[in-house]
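Swiss-Prot annotations:
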- HIS22: active site, proton acceptor (ACT_SITE)
- TYR17, PHE68, ASN70, ASN116: tRNA binding site (BINDING)
- ASN12: site 'Discriminates between blocked and unblocked aminoacyl-tRNA' (SITE)
- ASP95: site 'Stabilizes the basic form of H active site to accept a proton' (SITE)
Amino acid sequence: MSSIKLIVGLANPGAEYAQTRHNAGAWYVDLLAERHNQSLKEESKFFGYTARLNLAGQDIRLLVPATFMNLSGKAVAAMASFYRILPEEILVAHDELDILPGMAKLKLGGGNGGHNGLKDIQNKLGNNPNFYRLRIGIGHPGDKSKVTGFVLGKPPASEQTLIDDAIDESIRCTEVLLNEGMTKAMNRLHAFKASA
């Protein structure tokens, strides 16, 4: 079993970004809170929106930073330091260009794949990359020069449905991760592919 104490959903703040692909991590955390009859509330000392859940018998904090994506580490480090949470007790949910919509994958540690949110979190955690990541597939525009516009764009309804289905399965697999550990959660989540 994995002892995750903090689950973070990455996003850009403000209504104009709420429905953009880059905010997929926050969609997951918001839905996770909602499923447990909680809602995130602004907590300025953590530079973000927070909630507290009992998940699989474990006390877990949720966080969606209110900073821009490339400054996400400020909120994560503030909360981790206050509650004495180690990098390996953190799960960060984020949008992933290298995975198709309708799929999501879990991993521990590794690179940041050019994701500015992950980059800043690793930086602010003392350059420690050993935190869990939930990589929510958004697909790739096919051309590197189009990436910024793509992640800051809204997915069409057909893709949104696929992303939502993958987030739904990710929430079920979060309980598996907490109860039965990383291998079981990965095996289940990585076998999932939403169909249109």
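First residue shown is number 1, and so on along the chain.
Each Cβ is built from the backbone N, Cα and C atoms, and glycine gets one as well.
Here the features listed in Swiss-Prot are placed on the structure.
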residue: ASN12; record: site 'Discriminates between blocked and unblocked aminoacyl-tRNA'; CB count, 10 Å: 21
residue: TYR17; record: tRNA binding site; CB count, 10 Å: 17
residue: HIS22; record: active site, proton acceptor; CB count, 10 Å: 22
residue: PHE68; record: tRNA binding site; CB count, 10 Å: 15
residue: ASN70; record: tRNA binding site; CB count, 10 Å: 12
residue: ASP95; record: site 'Stabilizes the basic form of H active site to accept a proton'; CB count, 10 Å: 27
residue: ASN116; record: tRNA binding site; CB count, 10 Å: 17
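In this structure the alpha carbons, written CA, of ASN116 (tRNA binding site) and HIS22 (active site, proton acceptor) are 11 Å apart. It is 5 Å from the Cα atom of ASN12 (site 'Discriminates between blocked and unblocked aminoacyl-tRNA') to that of PHE68 (tRNA binding site). Highlighted in sequence order, ASN12, HIS22, THR67, MET69, LEU71, SER72, GLY117 have their Cβ within 8 Å of the centre of the Cβ atoms of TYR17, PHE68, ASN70, ASN116, the residues recorded for tRNA, and are not part of that set. Annotation note: ASN116 (tRNA binding site) sits in a helical segment as assigned by DSSP.
When the alpha carbons of the residue listed as 'active site, proton acceptor' and ASN70 (tRNA binding site) are compared, the span between them is 11 angstrom.
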